[in-house]
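Contents: one structure, followed by commentary.
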Amino acid sequence: MQFIDQARIAVKAGRGGDGICAFRREKYVPAGGPSGGDGGRGGDVVLQADSNLQTLLDFKYKRLFQADDGRRGGPNRSTGASANTLLIRVPCGTEVRDLGTDLLLGDLTDNGEQLMIATGGKGGLGNAHYLSNRNRAPEKFTEGKDGEERELQLELKLLAEVGLVGLPNAGKSTLISVLSAARPKIADYPFTTLVPNLGVVRRPSGDGTVFADIPGLIAGAAQGAGLGHDFLRHIERTRVLIHLVDGSSPDPIADAQVLLGELEAYGNGLLERPRLLVLSKSELLDEEQLEALPAQLSDTLGQPVQVISAVTGQGLDGLLQQVWQELGVSS
C-alpha cells in the first residue's frame, strides 16, 4: 500500500431545501389557508478517525466531497426531508487545517473521534409561516441556505510513543524488526526505508508500546533534502527518541552531530524531549573501537551512550529498560 501522509480536499455541505407556496384545497374548505411547508436541512460534513486506516491514500484519487441537499417542502405544511451527514473517515493522528484561514480545526487522535467541518444549510420557510391578520393568503416563501464550503489540508502524524531516528543505514529497521513483529524492508543501501514503519514492542507485563522507524535523515533534511522533511513530522508526537549512530560509519561523531543539527533546525521541541544516544552495529567493531567510540561520542555530545547490536542482541534489554523508565511505565 502506498503511504500518503498529506492531502488537500474540498468539502461542501448540502444546501437547505426550499420552502414552497401552497394552499389548502380540501373539498369542504373553500377558503383554504396557506399550507406551504419548510425545506429540509442540508447534510453536514464530518470527519471521523478510524484506527483501521493507516494512510491518506484515498484522498489522492478523490478530493471533492459534497453532502446531499435537503428536500423542498411539501403541501399541508409538510417539511422536506433533511439530508444525511456525509461521514469522511481518516486515520487516527490526522490534523485538519482550514486552507483559507490557516486555522487548525482539529486533531483526530482517538478511534471514533469526530470533527464537524462544514454545516449544512438551513431549509427555507414555506408560505404558511407568513400568515397574518393582514395577509390571509401570503405567497411569500424563502429558499434554502447554502451549506458551508471549505478547503482543507489533512496531515497525518503517526501515533508512536518512541521514535527511532538516525542517518541512512544506522540500523533502525533492523532494530525495530528485532524488538517487534514489524518486518520493514532491510538492505545495505541508503533510503531502504521509504516510509515510516510502526512496530509494537511488548513489555513483560504484556502491554505494548508503539515504536516508529523514521526514514533516514541527511544533512539539510529540515529544509527538504532527502526524505527527512516529509517524515520529521511523524516524530512530533513521540515522547522518547532513540538516536541511532552507526558504529561502523567512517565518522560516527560527525553523523551524530548532523542529526542533532537537523532536529534543532526542524524545531517543534524535538531537541527538548528525552533522547537516548545509541551506538549501533557493535558486532562490526573491534575491541579498541568498542572502548574508544562510546567515550568519544559521550564527551562530544555530553550524554551517556549505550552500545547495542540488533544482530547479536547485545545491549537491547538495557536499552528497553531505559525506554520504559523515560516513559514512566513498568517493564
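Keep in mind that glycine also has a Cβ here, set from the backbone N, Cα and C atoms.
Per Swiss-Prot, these features apply:
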type	residues	note
BINDING	166-173, 191-195, 213-216, 280-283, 309-311	GTP binding site
BINDING	Ser173, Thr193	Mg(2+) binding site
DOMAIN	1-159	domain 'Obg'
DOMAIN	160-328	domain 'OBG-type G'
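Cβ neighbour count for Gly166 (GTP binding site) (all protein chains, 10 Å cutoff from its Cβ): 25. Ser309 (GTP binding site): 21 other CB atoms within 10 A of its CB, across all protein chains. In this view, Ser173 (Mg(2+) binding site) is surrounded by 24 other Cβ atoms within 10 Å of its Cβ, with every protein chain counted. Contacts of Lys281 (GTP binding site) defined by a Cβ separation under 8 A and a same-chain sequence distance of 6+ are given as Gly171, Asp246, Gly247, Ser248, Ser309, Ala310, Val311, in order along the sequence. The two recorded residues Gly166 (GTP binding site) and Ser173 (Mg(2+) binding site) have their Cα atoms spaced 11 Å from each other.
The predicted model assigns the domain 'OBG-type G' (160-328) a mean pLDDT of 82.
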